[in-house]
Amino acid sequence: MASTWAIQAHMDQDEPLEVKIEEEKYTTRQDWDLRKNNTHSREVFRQYFRQFCYQETSGPREALSRLRELCHQWLRPETHTKEQILELLVLEQFLTILPEELQAWVQEQHPESGEEVVTVLEDLERELDEPGEQVSAHTGEQEMFLQETVRLRKEGEPSMSLQSMKAQPKYESPELESQQEQVLDVETGNEYGNLKQEVSEEMEPHGNTSSKFENDMSKXARCGETREPEEITEEPSACSREDKQPTCDENGVSLTENSDHTEHQRICPGEESYGCDDCGKTFSQHSHLIEHQRIHTGDRPYRCEECGKAFRGRTVLIRHKIIHTGEKPYKCNECGKAFGRWSALNQHQRLHTGEKHYHCNDCGKAFSQKAGLFHHIKIHTRDKPYQCTHCNKSFSRRSILTQHQGVHTGAKPYECNECGKAFVYNSSLVSHQEIHHKEKCYQCKECGKSFSQSGLIQHQRIHTGEKPYKCDVCEKAFIQRTSLTEHQRIHTGERPYKCDKCGKAFTQRSVLTEHQRIHTGERPYKCDECGNAFRGITSLIQHQRIHTGEKPYQCDECGKAFRQRKKTSYKEILLKNHSEPQAGVNLLLSSLIPEWQSCFRKDL
């Protein structure tokens, strides 16, 4: 009764208080406190709407009215457009389908749209080595502990029932944060255990979802409030892992033996939140706010002593230093190859598993790495942004341009560790190294040459004379499928490889490449004996026969040998078939494109 008189006395003196008391006739005190916090009220009302209980109302009409009110408070149609409301619904479903480990963390960032969620997850993958996938690599003990933390987070989320919220314990969030510290220590190891704060700062945390929800409640339910014994007995038993544990002096929160009591007191509910003046985000710790503000100011105080590159967070600098130290802590169990980043190991393991997550929308081709898809797309767009300053030739990849420039500079950066021989292109080095890796190569029993497994199969057809790929038009057979494909372009007239300089087209890419060297002046194939250089490898091989004296081509009539195979003219085709002239004509016509065939057949 005394409290009633006190309120009445203030009503005459303080008009705003009178309005507040009138409002409390229709809403709970917790509702009113939540409305004062505009930053997180939308999320609170969404949870109210989704978990509203029919039993909380006196009848169906009141229930429907209450649902409409909560939906209106959540979606705010008076201030949001239809597109914005749809985005809120899509955002809600997007957060729902995320894995539990990522879902809880993303919700702490309070994203405003689906694009912000994507940005947060991509930044997490890029900066923190895909921690969602690190979870799957934990030991059994770590996995069980992480699952327990997720379960505690779920149980720590406040019920959306208006009645049950009053009885919701106010000390679950700090315990969850203590549990999360232990999980982080398990993940990163003792060496990086002290960097928990920097790791969380790099992720720009805002505190977990339940703690944000609790901070919006009235101060009457915070640490200093005196609670009845029956409220404590209603605490879920799952939130207390042991009967006797150290507790917080302020609110009785149970702490594990390894949790930091000082850290808990600093984040205990009742402490002020720190808001960013630029974007409005709030943080439970001032250090988190300072770290976040560097995004707006561009400040990067952590600088690498080796290369001078600067970073916003200390943990990113530590990971960067691995580049200079050469440390590769992540090792593949299949082949033993080591990597400096977890994400690099994860991408590499897809080579063993055959996983290809990235698909091209134009042709359907799949890739195990995003970079592979990115470079592949340039084939369809014909984008070649990297241009050589010496010959103005353009390339789709920077790495290919770098290799090409070695033709002008004479640089051969790819050196064989076995014999020291250097090459301009990495592909040339890989082909060369097969010579040394005898244990991984397959040797031809006929001539002793070594090949890869597929290369040996094709090579053996030279000795057996097998030519399984046959042309349907002229019945000419080939050892390789690629040779048949190139040959068929003679009949179809297709010349897909066109020179950008003069417009001349060719049936083979290799012929186009060799032709383009006429314009650029490149002669990458050099003779070791006399120093003469050539545009094509075949020209170099033919030239080298001058020094070796080799003459592999022999005449069937007289037995005379030659260094080069003479090209057969159309006249010789007819002369060779003089006994059957029609057969010679048919063979000659079959080598022409269809348009020419029809023209010549009319004259015959």
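Every residue, even glycine, has its Cβ placed from backbone N, Cα and C.
As the structure is a computational prediction, the values presented were derived from the model and not from experiment.
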If you check Swiss-Prot, which stretch out of 69-91, 414-436 is marked zinc finger?
-> 414-436
Annotated stretch (region 'Disordered', per Swiss-Prot) among the listed ranges 110-131, 154-175, 506-527 = 154-175
Of the ranges 33-58, 553-578, which one does Swiss-Prot list as zinc finger?
-> 553-578
